[in-house]
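Straight from Swiss-Prot, the features:
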REPEAT    81-116  repeat 'TPR 2'
REPEAT    118-150  repeat 'TPR 3'
REGION    315-361  region 'Disordered'
REPEAT    543-576  repeat 'TPR 4'
REPEAT    602-637  repeat 'TPR 5'
REPEAT    866-900  repeat 'TPR 6'
COMPBIAS  894-923  compositional bias 'Basic and acidic residues'
REGION    894-941  region 'Disordered'
REPEAT    955-988  repeat 'TPR 7'
REPEAT    990-1009  repeat 'TPR 8'
REPEAT    1143-1183  repeat 'TPR 10'
REPEAT    1226-1263  repeat 'TPR 11'
REPEAT    1264-1297  repeat 'TPR 12'
REPEAT    1306-1339  repeat 'TPR 13'
REPEAT    1508-1541  repeat 'TPR 15'
REGION    1813-1840  region 'Disordered'
COMPBIAS  1818-1832  compositional bias 'Polar residues'
Amino acid sequence: MFSIAAINDTESTEKWEPLAPSKEAQEFHLSQTYHDGLLKLQAKDYDKARELLESILKDPIITNSKVETIANDNHLHHLRFLALKNLATVFLELGSSHYENALNCYLQAIDLDAKDSVLWNHLGTLSCSMGLLSISRWAFEQGLLCSPNNWNCMEKLLEVLIAVGDEVSCLSVANLILRHWPSHSRALHVKHCIEDTDSAPFAPKGIDKLEPQHVRLKFLGKRKVSDMNQDMDATSKKLRKRVQFKLPEASWVALLNILIGIVHPSRETVGISADIPITIELSLSTEAVMQGMKKKDHCVDSDSSNVSVKDCNIERESGGSVKEKEPVFSEEHPQERRSTRLERLRNQKPEKEGLEFDNSKDPSSDILQYLEKFVLKRGFDRESAGSFCNEESDPISEHAVVSNFVKENLENYGAYHMGHLLLEYIANKCEHVLSRETALKILELEKLTRHWGRDRKPECSLFLAELYHDFDSKRSDIPDAPSCMVEVTYHLSKIIESVSLDYAIDSTPSSRGKMFSDSSFKSFQGDEAAKEVLDYDTRSFWARYFWLSARLSILEDNKAKALEEYLRCLSLLGREGIGEAPVLIQRPHCRRVRELTINRIIHEINLLKIDFLLENNIPEMMEKEFYSECVNLLAPLLFPDKDILPAYAVKTEEGISSVELSALEVLIKACQKSKPIDVEVYMNCHRRKLQVLLDSTGTGESVVTPKTSSKNSSESWDHLVAEEVKAILLCISQVKNSLDQSGNSDDMVAPRDCVAGIQALLLRVMSNIVRHFFSKRYSDSQNADGIEEEKKSCFLDAAIGFCKLQHLDATISTKYQVELIIRLHDLLAEYGLCCAGKNCAGEEGAFLRFAIKHLLAVDMKVKSSINSPDGLGHDMGLPDKLCRNEVKSFLEEVHVEKNENNKTESKKDGSEEQVGYREKEQSEQQSKQIPEHTEEVAEEEKDELELLINNALDQCFFCLYGLNLRVDGSYEDELAVHKNTSRGDYQTKEQCVDVFQYILPYAKASSRTGLVKLRRVLRAIKKHFSQPPDDLLIGNVIDKFLDDPELCEDKLSYEAGSEGFLETITKCLIPSRTLSEYKISLLHSSDPYLDVYRNLYFLLAQSEEVSASDKWPGFVLTKEGEEFEQQNTNLFKYDLLYNPLRFESWEKLGNIYDEEVDLLLNDGSKHINVVGWRKNSALSQRVETSRRRSRRCLLMSLALANSPDQQSEIHELLALVYYDSLQSVVPFYDQRSVLPSKDATWTRFCENSMKHFNKAFSHRQDWSHAFYMGKLSEKLGHSYEISLSYYKQAMTLNPSAVDPVYRMHASRLKLLNACGKQNLEALKVLASYCFDESIKDTAMTIIGTTTFGSSRTLEEAQDGNLEACYAKSGEGSIQMEGVWHMLYNDSLSALGICVEGDLKHFHKARYMLAQGLYRRGGSSDLQRAKEELSFCFKSSRSSFTINMWEIDGMVKKGRRKTPGLAGNKKALEVNLPESSRKFITCIRKYLLFYLRLLEETEDVNTLERAFNSLRSDKRFSLCVEDLVPVAIGRYVKALVSSMSRVESAGAIINPDSQLEKIFSLFIEQGSIWPDICNFPETRGPETSESSLYRYLHQYIVSLELDNKVETLETINEKIRKRFKNPKLSNSFSAKVGRHASLAWCRALIISLALITPLQPVSSEESQAITPSFGLLENRRVLCVDLQSEFWSSSFEDPLESQMLEAKWRPVLSKIKNVLIFNKVVEGNLEIANSLLKSCYNFFRETASVTLPSDINLYFALPRLAPAGELLPGNEGVEVIDVSIPRKLLLWAYTLFHGHCGSISQVVKYMEENTKPKMKRGASTSSVVPSVQSGGTSEPEPAPKVVQVIIPDSLGGDSCGSTPAAPL
């Protein structure tokens, strides 16, 4: 805008200057430059790429960029990070001369992102190639911290450690590699070399046998193990003035190792003299390292540590193709097998897992992050709470110091001199705590060089003595611990020795940066400033000396000397120093006491005094109960004005002892027993004791516990800390109780310094546990389950104590308290501990229980301060009408401690018991914990506070109990699912009570949808309250009321709705006592949990799915369904035990029983049918029981109903229950033989139903009430006028309902048929309810004018004028008959209206319409009735199907557009639904009637389709299964009737139609023929069983007359398969089977006779035949002879046998001694082949049936035929004596082949030729083999595929003994 204004400015004469580019434009320019640099790098133009990337780093916008936090996603810092990484790549490509620049780039990049393991890998690789093994090791270790599974860093670190020579670390890394890859060859080799102890003497051992080697690492100076001795020999042969050593890394440990290796006599360097000057060469010059550090400090700003590590956006924007991160396993195992690599990659975890926990970050810092703001401001020191790490030097600074020392001491006299200088240098320059390894090396070097000719300076001796003493504080740190004090004594003695020799003490202060020489010291002798310095340093030196001497005296148990030494030290520190500053002496190299002050010395002196008092005075005072005096005596000594950190706790063999700890324990006991309690001293005691224990455990140190430390000792210290934390909790409870009793709750209950100090120490405890235990679950998953329970408990106790300490301050706001609980909950949840731990009562979830109690007390306090009723409601659904007293009562019930048993854990002394009692009192009065002081806040702040409390409560209850009241989605923030969130498995009844009281207000105010959310919780509670107490169940008044057989329902039903009915039925419910007495008994039996019992079951019943209709069909019929119904009803019955007058429970219970009856009958009608229902009596019993219980529940509901609508509804339900018992429906009744008996019970139910419908109608006039009353009037036999008037009233109340219209005119039809055509009164009544008004007028006119039955006619008859009387009576009869027809047609017309249009599926009216037509009996009425009802049983696709649909009153049909008769334009629609059982009943009733109509109309085809369709119908086959035989009987009856009518007309029976159908029916349904013949619908002479079987024999005879061999074979096979089971056979069916077999046999004989050649053979022909068959003269041929007795049979009708004989005798009479020389003629070959197969089937399948034995077969010579010698017994004639089936098979075989063989040969041939051919392309037809003359050659058999076993010993029957035909 400014530029535009400047351009448009025409008046200004000055030239405008453009503005600077925006920050976004500059960032874009830098991104583009970075992109160009990447392209140049990709193109290998390294110089240009270097120029571009350096320009990015030098840009001012990059150098001046600042961010607040490291997590801030800053584009510029991403760009800077990537530029540094790629610039390092450029330097690497430029060569080794640029390696230092690349190193600097990597160091700067690491400052930006220290979590990039790939970057650490590059840095380590580069520094290794430069010889910087220390930096390389550091880099690879940091890379593993970032990514613990990084193979690159792991393997490279192993090689660097080999190069360094660190054997212990090398073995650890090798084991780490083997844990991830057990077959790693290099790691196995390294581990074997290090652990190998069997090497030869004087040979390299352990790590000395290894050389570093890695494909991607370069080592500048590899150790030559094999050439080492040769080099040493070479150096020993010539004099050398200086020995050079290569320092692998610039560290104290490396330098000390070289010196020790020279001076130690057992080292391999024994050949080198320790007095030869040595030169130490560094791998990298000090200048380069220092320069790199300076460059780093110059380039990297203070905000560089805040750079975000996310660089993916830069990569996308720049579009560069340079890959920023290399793969973890890239080219690391070139010789690895593919299968091994795949397995390794499959088991590899994603890289993200390595970054989930930042190992470089102290995990305990989260404690301060969460809780720092909640520590009271006074006395809180962040360093004391969370930052406990001693300052140690980093590798780079140590590298610089070591390098400086080496450079300064190049001129030396050998190893001894170098070691002496080194010890002096460290003693003066040490400003940090030395590592353990460095300290041990220093002490070892000191021992080796102790007796060198030059003495140590006193400062050096004092330094060494302090170092030895510091190690003695942890005796387990060094193997020779007892010798430490000897060494301390030695060095102190050396100091005295040097002083006694007047050795000038070097006064150079240890804190200065340079070391003074002797000459420089002398130059300061005359200067005043130097004198002051000398005075201070001298005092400092001797103060340190006397302090150490005092400590040594205490260890020697010389306390007097120790006191003397302390006083001397105090005198030195007490003198005035330089200026006014307090005297402070630094001891930076010591771990424990790092500084000496006056307060420290005074504290130690006080401890000596306390020790004296504990040994002499205190025990006697405690014994005499002088508790206050003890407190006054010890408190000033233990608690001086300024607090002192503890120095030591003495460790003995028996355990841990300390004078201070002993004094504190005595003082604590005295405070507990003194009256009143000195709160400040009491709390200070616990604060100081916890402080001493924490410092004794070493929690203030960051040094890793060495491997040689004693685990038992550490555990004992931790146990003491945990016990003290528990004691602090008891202390807080006692202090609170004491202050509450004194009435000082309005003031500060404890000193803020004391409270803040304990809070800081508790934070320290929590931080220590997090640092040393909980962090392991992230860094080492194997230890995730190894966290000790004591650590968890201690952590939780510390958190609870921290929170309770805050509550002691009355000035803390309520919001502050709630926020602290929320923070602590989040913190505990982070480590999965929010639900862990046990409180004093042994209940799980100690913190959550404490939090819930406090939050509910706070909530009550806040709500009581709100005057408006709107403020009372919880956000989770408390009703607005809930008053303040109810809220208070609810909260108190939740918070009252239920467990009064405090004897679960025995106390060690009386004081602990007293503390437990007071804590119990405090827990019972939690609601008083909130101070009366209430802040004046705005209404909005109160609402916000309320919401905060509710959210905290919701989360606590969700974690502890699994409660989630927020599933409705109305809350913005969902509840967090923590690691150990409860799933609602409550362990005790007390837990259930707490939860239930919490949710009760919400549940009462919720709808069913809200209760569904609580279903899981309510179920969990019910596990502990599964049923009421046993004494209530034993005398269960509800069950007795529901099942009492002596209860008179009729009386109750009569009194229902009257005044006093509730009292009457209550007496029936509780007969022996009053309602008040019953409630008192409930209180006595369920007192502790009465509220739970009183509400649980009702709420659970409302939340559960109590309706079985939602289950799968038929569910209620199963055992599971019965149990489901019982469980649901039990819930309401249990509730009614405690709330006997709850209307909702009675009503719902009655509905459940009614629904069970409905489902039982509906599902029973569909899934069991009538027959199955009769077999299961238990189902009928369930129906009757549920009906009775439903009626009684509804009667009780009626007594409790208040409004008229409720009473009307209950009356209607009761009436329907009674009415349902009256209906003749399935599955109780089958509409055929089983019908309801209209006995006294039936009549009583009718009357009760009528009564309740009448009462319901009086409350609310509903058309259905009048409708049912009309039907009941008909059942009770009331006058026609009453029932029709009810229907008329129903039609008036609901003009659109079709139900009353249908029922009105259906009843009129029934009455017209029942009363007859001459009942004047009935006709008059029926005429008044005509559908058509014109017919009504006509009928009434005729009835009014008729003379039939009038008084005048009767008078004439009395006077004797009979002829006139008869004439007038006949005329009246005709008129009445006309009226009857008019009314009948009117009713039919009305029913026709009920099935028009969209009401076409209103099947009730259609059935009544068909019934009316059928009963009218007109000429075409039968056909019309069938056509009308056929709508329900046919469709456009099928001639018979059940085309009916269940009437549903909920779905309103469309309105008719066509007006009805007489202008009736009412739009009728269905209003009453139809039950499934009623629908199935209608189907059955209509089906029976429709089958009758089909039979009477002789519709055979539809009947045939009917019974087939009924069996296969998927929907209704089971429902109408018992009606299928009825349909078959109707079908058979129709067939028989049809044949009888044809026979009477003289026609011939057609076996292919009716007879064939009867036979097919016999095959399919023959087993039920006896039942069919005895059905009432089919019983008659024409359908008797014998008559039906006669038709079967006729069918067989017809087939035999027509010689249908194939058909006879088929029916034989069907009969054999159908009746092979003896149970399905009877005498009639057996006769049919024998007849069919005989007919098949005779048909085969006739067919064979028809194709057998009959021409005679002359002698010439006979002789001519012989040569053609191989010139054999004895060839025999088959001769066939049939006898005349062929047609005689014992079970056939003689007339039928005569018919067969007359037809086939001429054919069979020709077969007399016929010789078969050749096969049949060509035209009959196919027939012969078919007959051969049929004979073979007859041979296989024919059972033991008596067959005609008049078939004779012979073998004869051809020459005997002309001579007439073919007689049995003659020479050359052999009789074939086999069975008839075998004879037929031989006969057919001979006709087909022209020759005959043995029976076994024929059978074998048939077996092989009737099997399927397996060979591809083989023909399926039989091949007739060529037969040579005389029969010597047999047919070649086909390949045998399947073995077939032929019965009747087929191979045993031979045809003769002729050799020409072998078997």
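Glycine residues also receive a Cβ, built from the backbone N, Cα and C atoms like all the rest.
Between the repeat 'TPR 15' (1508-1541) and the repeat 'TPR 10' (1143-1183), the number of CB pairs under 8 angstroms, six or more residues apart, is three or more, so the stretches are in contact.
When Cβ-Cβ distances below 8 Å are used as the criterion, the repeat 'TPR 5' (602-637) is approached by residues 550, 559, 562-563, 566-567, 570, 644, 647, 659-660, 662-663, 666-667, 669-671, 673-674, 678, 681, 684 of the same chain, each at least six residues removed from its ends. The average pLDDT computed over the repeat 'TPR 5' (602-637) stands at 86. Listed stretches 81-116, 543-576, 1143-1183, 1226-1263, 1264-1297 were compared with the repeat 'TPR 13' (1306-1339); the greatest number of C-beta pairs under 8 angstroms is found for 1264-1297. Counting residues 6+ beyond its ends, the repeat 'TPR 4' (543-576) has Cβ neighbours under 8 Å at 462, 465-466, 469, 472, 485, 488-489, 492, 495, 583, 585, 587, 593, 596-598, 601-602, 604-605, 608, 611, 648 in the same chain.
Break the repeat 'TPR 2' (81-116) down by DSSP state and the numbers are 31 helix, 0 strand, 5 coil. For the repeat 'TPR 11' (1226-1263), DSSP puts the residue distribution at 21 helix, 0 strand, 17 coil. Taking DSSP states H, G and I as helix and E and B as strand, the repeat 'TPR 3' (118-150) has 26 helix, 0 strand, 7 coil.
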